[in-house]
Amino acid sequence: MRYVIGRPKRAIRRPGSRWFTAVCWTAFGIGIVMSISVMLAASAYRNAGTDNTDPFQGESGGVTSTNKASAGGIGQAPLPSKAEKPAAAAGSKEEQTYINVYLTKEKRTERVTLETYVRGVVAGEMPADFELEALKAQAIAARTYIVRRLELDDHSGMPATAAASQADVTDTISHQIYISLDQLKKLWPKDEQEAKLAKLNKAVSETRGKVITYGGEPIQAVFFSTSNGYTENSEQYFQEELPYLRSVASPWDKRISPRYQETVKLKLSDFYARLGLGTKKKPVIRVLDKTAGNRIADIMIDGKTYTGREVREKLGLASSQFLWKLDGDSIAITTFGYGHGVGMSQWGANGMAEQGKSAEQIVTYYYTDTKVEQASKLAAKT
């Protein structure tokens, strides 16, 4: 459910499709979903999403409630979408849309309603003690991602196994981190359940059916953990220019995110090896160009040119904005921000919410020139 990067574009089915109509009538869902534990908050803060292999993937985006890095690229599996609209129960006024989620550790597929899936993603991607409007913004972004994926019949990033063959999406950073009800029960102290559950459910129910659109279509709602003060133009990290993924200022991150500035120290031998350089001398490093978001676009190291993204990924850095300092046989690298920098900053969203901004104000700020619409209105346009 994305503008596909690195492979041929596919025609987007108009939202009047049978599946999309089902989305428009998605019920609130009856399963109880628990929110993420305060006990997990510290690790969530410290392990905000880095990039996975899907270039336009929520950096799973940002503040994750697991200890895994996240976001960015996916393999391809030629599997048809198995999300389906079951027949409505007799007398029912609503029809459910179901999402089949492949639980990678358990090697099984879990079938949940769309809104239950959104709650599981919000629980996996953002700590429940974030502001309610930030959680709502995350819910809208998560819903937009899965709606777009299903509309495109996109099965990229799915394991080529029999167990995953009936699934629409995984629960990992290859798509969006999803935490099932059973997992949440194990992670969350009983005395915190009622309040956290109520907050998470409120974030999802108050945004039910809402998606972010550009030109009448759901967008690729990528997100990440922490900005360096600015978000990034999509083409400066992912090669493809999208009009709603433009660089904007995000000053809140520096004040509130624990991932805003970090320093790592590498032995020069390790530094050279990761970059594929054979030299043994102290490196000569020169920045050649910066991006619109003040990250490194191109950098020369001992006569070899790299993109900022390449250096970030080869060295395992938090961001492609960094400074360095040679120290004997080591190099200290200080990064600013955490994640690819494209789309919505999760810590920035929380900062905006703290200042009284609504979820819709947050998402339309980070995703420029977009609208927040009900799926039913999109279907009515066809």
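The first residue you see is number 1, and the count goes up from there.
Including glycine, each Cβ sits where the backbone N, Cα and C put it.
According to DSSP, the domain 'Sporulation stage II protein D amidase enhancer LytB N-terminal' (105-214) comprises 55 helix, 13 strand, 42 coil. Under the heading domain 'Sporulation stage II protein D amidase enhancer LytB N-terminal', TrEMBL lists 105-214.
As annotated by TrEMBL, region 'Disordered' applies to 53-91.
Here TrEMBL flags 20-45 as transmembrane segment.
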Query = If you average the pLDDT over the domain 'Sporulation stage II protein D amidase enhancer LytB N-terminal' (105-214), what number do you get?
reply = 92
